[in-house]
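Undergrad: My questions all concern the structure below.
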Amino acid sequence: MVCARAALGPGALWAAAWGILLLTAPAGAQRGRKKVVHVLEGESGSVVVQTAPGQVVSHRGGTIVLPCRYHYEAAAHGHDGVRLKWTKVVDPLAFTDVFVALGPQHRAFGSYRGRAELQGDGPGDASLVLRNVTLQDYGRYECEVTNELEDDAGMVKLDLEGVVFPYHPRGGRYKLTFAEAQRACAEQDGILASAEQLHAAWRDGLDWCNAGWLRDGSVQYPVNRPREPCGGLGGTGSARDGGDANGGVRNYGYRHNAEERYDAFCFTSNLPGRVFFLKPLRPLPFSGAARACAARGAAVAKVGQLFAAWKLQLLDRCTAGWLADGSARYPIVNPRTRCGGRRPGVRSLGFPDATRRLFGVYCYRAPGAPDPAPGGWGWGWAGGGGWAGGARDPAAWTPLRV
């Protein structure tokens, strides 16, 4: 396709017009737009953009530089009037605007406002500094440099340190549509994992015999210990990227995301706060878990928070505790026989009866939150409490100094 740009007038006017358009357009107009590629006949492509090979790695809450530099094949060009633009790839031909700069005018878009800025390390530096990295920042970014009628672009992959965990709700396995899987991961302090993240988790030992949604709309599951029910030992499942005929990441392909139902594979990264196990004077039903954590300036931990604490903070506890979704789990870093086997991981007791089963609770305290009960508090009944069904009513429990 040939784009006749002569009608746009002088190059400076063209650049200024584009700058005004991009720096004043509503943010809503910049999300999910389709990329239009213009090919100019006879252009030399004298603007050359260079980005980092491979990927850059950060973690949630961190600061990362997405490297991008540009230069000219001909020395006659200067750096004035250059438009620098960063976009995030959300689909093969759909981009979300992140940051744009034209001379002294800079603008970040959407959730990147207040977090994105140019590094500005001398002429030719278009690198983007991204602060307070979030889970949603994971993905591929395009750095585009335009000078009048010449442009070039490069790609940077931002990866996050973290952990992939399988998830299904209390209702049972294979109950989630794609949209419900996205919500389920978000409710457990995560996002749907990418195929690359699941494959890395498989290489790290993840073995799970139930298929789950991934971010790209595919359904897959990792098998490290082949067995008949999991597509191994003569089964029909196909291995992917390094697995042999019996082991690997099984791939169901892209499924109907509104009608078919599976589990979810979620991803979470660095934990900004701290997860700790609270053992009250007496084990708790689920109804008492929130009050127990609140008495310590915390909330009941989510599944993703417990996985992050296990993987990244090496939380090791051989005692089951309630989590926010009503499940009971415990993290094992150093495997021992009495704690569920010879492999590290987060053990799950499923979703016990919330009124009849009694456990401790895993709590999450956000960064900077004070501990209102340092080291000397438990749970009991003030003033005698009440009785219900032959046992004291958990609704009457209050924190007591012990």
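Backbone N, Cα and C define each Cβ position, glycine as well.
Note that TrEMBL annotation is computational and uncurated.
Under the heading signal peptide, TrEMBL lists 1-29. The domain 'Ig-like' annotation in TrEMBL covers 46-161. Taken from TrEMBL, the feature domain 'Link' applies to 163-268, 273-365. The disulfide bond feature in TrEMBL is assigned to Cys209-Cys230, Cys318-Cys339.
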Undergrad: For a quick check of packing: other C-beta atoms within 10 Å of the C-beta of Cys230 (disulfide bond), how many?
TA: 21
Undergrad: Sequence gap of 6 or more, C-beta under 8 Å: which same-chain residues meet both conditions with respect to Cys209 (disulfide bond)?
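TA: The answer is Tyr221, Val223, Arg227, Pro229, Cys230.
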Undergrad: Which residue, of the disulfide-bonded residues Cys318, Cys339, has its CB surrounded by the fewest other CB atoms within 10 A?
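TA: If we count Cβ atoms within 10 Å for the disulfide-bonded residues Cys318, Cys339, the smallest count is at Cys318.
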Undergrad: Just to be sure I understand, if DSSP states are collapsed into helix, strand and coil, how many residues of the domain 'Ig-like' (46-161) fall in each?
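TA: Taking each residue of the domain 'Ig-like' (46-161) in turn, the totals are 6 helix, 66 strand, 44 coil.
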Undergrad: Would you mind splitting the domain 'Link' (273-365) into helix, strand and coil residue counts from DSSP?
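TA: Tallied per class, the domain 'Link' (273-365) gives 22 helix, 26 strand, 45 coil.
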Undergrad: So, by DSSP, how many helix, strand and coil residues make up the domain 'Link' (163-268)?
TA: 22 helix, 30 strand, 54 coil
